[in-house]
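As recorded in Swiss-Prot, the features of this protein are as follows:
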| type | residues | note |
| --- | --- | --- |
| BINDING | THR49, CYS50, ASN51, ARG52, SER109, GLU114, PRO115, GLN116, GLN120 | substrate binding site |
| ACT_SITE | CYS50 | active site, nucleophile |
| SITE | HIS99 | site 'Important for activity' |
| BINDING | GLY189, ALA190, GLY191, GLU192, MET193, CYS194 | NADP(+) binding site |
Amino acid sequence: MNIIVVGLSHKTASVDIREKVAFSPNSIEKPLHELVNLDGIVEGIIVSTCNRVEIYATTRDIAGGIARIRRFMAEYHHLAHDLLEPHLYSYHGEEAIRHVFRVASSLDSMVVGEPQILGQIKTSYGYAAEYKSSGIILNRFLHKAFSVAKRVRTETRIASSAVSVSFAAVELARKIFGNLTDKTVLLIGAGEMCELAARHFLTNGAKGVMVTNRTFERAQRLAEEFGGEAIPFDELFLHLHKADIVLTSTGAPHAIITPPDLEEVIKRRRMRPMFLIDIAVPRDIDPAVNEMDAVYLYDMDDLQQVVAANLEGRKQEADKAEAIIAEEIIQFYKWVATLEVTPTIVALRNRFEELRKAELERTLAGWKDAPPDAEKRLEALTSAFMNKLLHQPTTVLKKAGQGNRTDLYLDALRALFDLELGGTDTNESLELEE
């Protein structure tokens with residue numbers, strides 16, 4: 001079984017392409033089911049964030065699996081293949097593993113070291129687990145990716161000098177206005193991105209924060225936390241003129257602010273500049289508003305320019321992180337190698353366990369004067385003997401799984417003990433590996 005990755009990111013596609021292939025978390029069950037029903041695809045996970053849309057899958061047919069997923073990404077969103085193809089990348093084997101470890105560790109993020117991506121991948125994995133599109137390989141793979149990310153964050157300083165995308169938005173605002181001391185900020189959305197932005201804006205001297213959200217209670221909670229004002233979502237345009245800086249990050253499928261919406265707002269502001277930062281994908285603000293006087297709109301692609309200067313300072317820590325990832329790839333491959341031999345090991349242990357129990361029962365049945373603790377003692381004795389007897393062949397088989405003589409050992413063992421390979425329980429397989 002092979003791990004493959006197909007996707008696009010801020011490195012290969014602009015925001016107008018990324019928003020066309022974004023998967024909504026509110027309807028993720030359908031594409032997950034369609035994904036694992038593709039010919040040759042066994043397991044699948046969809047990761048869809050502002051900056052990337054990626055599919056992690058397992059397949060026995062690498063080339064065919066990659067081709068089918070590339071077609072799926074276009075056809076599911078009713079896009080022409082030619083539109084999407086130039087922006088897609090694909091990996092398999094070691095490169096796929098390395099890519100996902102790097103993504104989870106925030107080495108492939110627009111802002112290296114930002115913490116949001118790990119949480120986003122965990123959420124995506126949660127959907128796959130809930131809708132049963134992931135299995136033994138991707139489950140183990142994603143958990144390994146999470147532990148690699150934790151190790152990178154613990155053993156390097158890659159996060160200490162990192163800034164989030166939200167902070168990059170603040171930096172962009174400072175470049176426009178000079179300082180934020182007399183500026184009022186409006187957050188449209190009450191998620192993690194907006195919460196981080198509120199902290200950064202206030203830390204950098206913003207006068208006040210207003211928050212609006214479709215769920216008013218969430219807006220109230222966030223506004224209360226920062227001493228700001230909560231605004232009902234349907235009253236957005238009654239208050240928009242008060243904001244010097246507007247940051248949007250909602251899950252809306254279409255633009256919620258268009259040029260006609262801003263015409264009266266700009267008049268009420270008496271043409272004072274208005275700075276709009278759209279970090280949502282799909283975008284919350286119609287790009288056409290950038291043509292209006294006194295309106296300055298920036299989206300996720302623009303943020304990349306703000307954070308570029310910070311990347312060089314983190315290069316040394318990133319190099320340490322790459323070394324950690326290289327180590328962890330080796331460890332993960334050792335586990336993958338055991339997958340081929342695990343069914344044979346399980347079958348061998350089951351065969352010996354059957355023999356052990358049969359002989360134990362026969363012995364106890366013929367032992368008329370057996371002491372009360374005889375069964376307990378014999379159970380412990382025979383179990384310990386069996387485990388010691390099987391330790392060496394089990395070890396040899398696991399090592400064989402990492403070499404080029406695997407088939408030789410497996411065929412010999414199956415023939416010698418007439419082993420039948422049934423369905424191997426997932427948990428039992430994992431316990432054997434441990």
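Heads up, the Cβ atoms here are built off N, Cα and C, so glycines get one too.
Since we're looking at a predicted model, the values are computed, not measured.
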Distant-in-sequence Cβ neighbours of GLY189 (NADP(+) binding site), under 8 Å, six or more positions away: ASN213, LEU247, THR248, SER249, THR250, ALA280
Environment of GLY189, ALA190, GLY191, GLU192, MET193, CYS194, the listed NADP(+) site - residues of the same chain whose CB lies within 8 A of the CB centroid: LEU187, GLU195, LEU196, ALA197, LEU222, SER249
Residues within 8 Å of the THR49, CYS50, ASN51, ARG52, SER109, GLU114, PRO115, GLN116, GLN120 Cβ centre (excluding the substrate site residues themselves): SER106, MET110, ILE117, VAL165
PRO115 (substrate binding site), number of other Cβ atoms within 10 Å: 17
Rounded Cα separation (Å) that holds between ALA190 (NADP(+) binding site) and GLN120 (substrate binding site): 16
Cβ-Cβ neighbours of GLU192 (NADP(+) binding site) (radius 10 Å): 15
Candidate recorded positions HIS99, SER109, PRO115, GLU192, CYS194, pick with smallest Cα gap to CYS50 (active site, nucleophile): SER109
Rounded to the nearest Å - Cα separation of GLY191 (NADP(+) binding site) and ASN51 (substrate binding site): 16
DSSP three-state assignment (helix, strand or coil) for CYS194 (NADP(+) binding site): helix
Distance [Cα-Cα, Å, rounded] between CYS194 (NADP(+) binding site) and PRO115 (substrate binding site): 14
GLU192 (NADP(+) binding site) to HIS99 (site 'Important for activity') - Cα separation in whole Å: 25
